[in-house]
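Trainee: Before we start, here is the structure in question, set down as structure tokens.
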Amino acid sequence: MAFEYQVIKYNEWLLGNPRDPREWGFLLGSIAILLILGMVIPLIWFLVASIPLGPSEAFYLVARSIFSGVTEDLPRFSMRRTMAIARVAIQEAIRNRVLVGFAVFVVLLLFAGLFLDVENGNPARVYLSTVLVSTNYLVLLMALFLSTFSLPNDIKNRTIYTVVTKPIRASEIVFGRIIGFAAVGTAMIAGMGLLSYIFVVRGLTHDHVVEVETVIEDESGSTSSGARLAGQTSRDSHHRHTFEVGPDGKGRTNLVMGHTHEVTRVGEGDDAKYLVGPPEGHLIARSPVFGSLVIRDRDGTVGKGINVGSEWEYRGYIEGGARSKSEASWTFSGITPERYPDGLPLELNLRVFRTFKGDIERGILGEIIIRNPNDKAKVRSSGPIPFESKEFVSDFRLIKRELTGALGSGSSKLDLFEDLVHEGQVEVVIRCAEPGQYFGVAQADVYLRPGDSTFELNMVKAYFSIWMQMLLVTSFGVTFSTFLSGPVAMLAALSGIILGYFGQFVREVATGAVEGGGPIESTIRLLTQQNVQNELDINSIAAMVVQGIDQVLMQSIRVATYVLPDYNRFDTTKFVANGYDIFSDVVLQQVTMAAVYTLVVAVVGYFFLKTREIAA
């Protein structure tokens, strides 16, 4: 499975792209948004307070609340009182049967095995995607209901007055409820994570036995890899493996459904037994080292690759054949003998575009060339290393230190580090060898794999990402509940989640990049069954009014998508399900976003609650 995720370095994400000043970093964008909110929120606050109090009293209330919040509430903020409110929130959540969500998750796991596609080519991906997605949705729904109905119910039942009459401040109420509900969510996520891990491991664990009648002895070692024995395993869990055992009695099966097994021969002759180990390789966390990609077209000029008609422009395509100069080259840094003592651990995830079928049962032939990035080097490149492409599966290849020189280079044997590495850099060139066929490549399709992280740690990172989403939803829910009723607060928080997940789509609709009108036009088209490709079939004046109102609404929603958190950045399901380590840059971005949004939203909730408290 290819790694199709654009990873941005934390510094570039935080401070912006130095090569393009139009791309603001999170820091500059946050400062700009906070300045705007600092002017807009007091205005909204004033308008809300003006309804029950009148303009003059509302202005006095807003000014006094901001002044007292800075001079009195902030210096006298008490963590002890905040934790007391948090304990009350936890007890309230338990009384509201929050464990029902956990019970629903357990039921899902009990029956999931009946509906999962266990014959999938990569069952680990199916299992991991199921547990992560179900945990994410259930936890967010739980956080949504808990955070939005608690405070409005207390105000409605007047139990809030038993709190505010004590020396407890509005800031302590807001932060205390966020901490309490987050603690409940933390306990649920921890329990769900543990059950998910057990479910995945048990679901993927299976055994094979060797069918002795399939084992072929070959004392001459004529089988591949010099193996003495070759055979196949029994069919279990909807698949079987072939294997080879070397002269030392140890071997390994072929890769099927994303995993292999170790095979060991015990005994000799008729008493020989074959022990098949547990599955390996399906629960991994690759830590890839990416390089910079340069694509050359058929005439050798640098470009984006050849267009083969694919709508998704993530990959460029290089043309095959000896006459074509099309190639893709990745430049890797930090190449030293100490870091890569055995050679370059290369992993390929190429896509193939066929202009004719050919032999559909085999891959397209290609070449790997190791090239010195120094144009003035005595030895420029190695000889071509042939390979056969594999689609929709990672192809690991170890480029050994000893290489064959290219024709005309004057050297038959080359040393990777002495002859081809220049100042810690080396180029890996991929070419397609078959005319009429194409390789699809992207920057993350070829990488070095010096070592893997632990799968368990990667699972912890994934559930930590879910925890941060839960914290954001809880913060927004508590804040909305400070000035809205329970159902309206839930609807507002739910709208924030939807815009956070589909913000890019909303922006494309608002700018016209995607066909479709605003909410009013869409409602009319749905009721009258009109296609979006056709003009709106209503009165021209009415159409202008509808589209004008929609334009205002869509631009308002578009602005909201920039202010609200992008929940897609917290989705790490693809990392874990496809066997990639969640990068530290991604975790740092998530932590920064969660911390900033939680703090800002909680402060906004404090001021709204202070207004509501005084007005009551």
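Don't overthink the numbers, they just go from 1 along the chain as shown.
Every residue gets a Cβ built from N, Cα and C, even glycine.
Okay, so TrEMBL annotates it like this:
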- 24-46: transmembrane segment (TRANSMEM)
- 58-77: transmembrane segment (TRANSMEM)
- 98-116: transmembrane segment (TRANSMEM)
- 136-153: transmembrane segment (TRANSMEM)
- 174-200: transmembrane segment (TRANSMEM)
- 221-234: compositional bias 'Polar residues' (COMPBIAS)
- 221-254: region 'Disordered' (REGION)
- 462-481: transmembrane segment (TRANSMEM)
- 488-506: transmembrane segment (TRANSMEM)
- 587-609: transmembrane segment (TRANSMEM)
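Have a look at these and tell me how they're positioned relative to everything else.
Mentor: Residues 140, 144-145, 147-149, 152, 473, 476-477, 480-481, 514, 554, 557-558, 560-562, 564-568 of the same chain, all 6+ positions outside the transmembrane segment (488-506), place their C-beta atoms under 8 angstroms from a C-beta of that stretch.
A Cβ distance under 8 Å defines the sequence-distant neighbours of the transmembrane segment (587-609), meaning residues of its chain 6+ beyond its ends; these are 8, 10, 13-14, 26, 30, 34, 37, 41, 45, 48, 65-66, 69, 73, 151, 170-171, 173-175, 178, 461, 464-465, 468, 471-472, 475-476, 478-479, 482-483, 565-566, 569-570.
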Trainee: Are the transmembrane segment (58-77) and the transmembrane segment (136-153) near each other by the rule of at least 3 C-beta pairs under 8 angstroms (pairs 6 or more apart)?
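Mentor: Since fewer than 3 Cβ pairs under 8 Å link them, the transmembrane segment (136-153) and the transmembrane segment (58-77) do not come into contact.
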Trainee: Which stretch, 24-46, 58-77, 174-200, tops the Cβ pairs under 8 Å count with the transmembrane segment (98-116)?
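Mentor: Counting Cβ pairs under 8 Å, the winner is 174-200.
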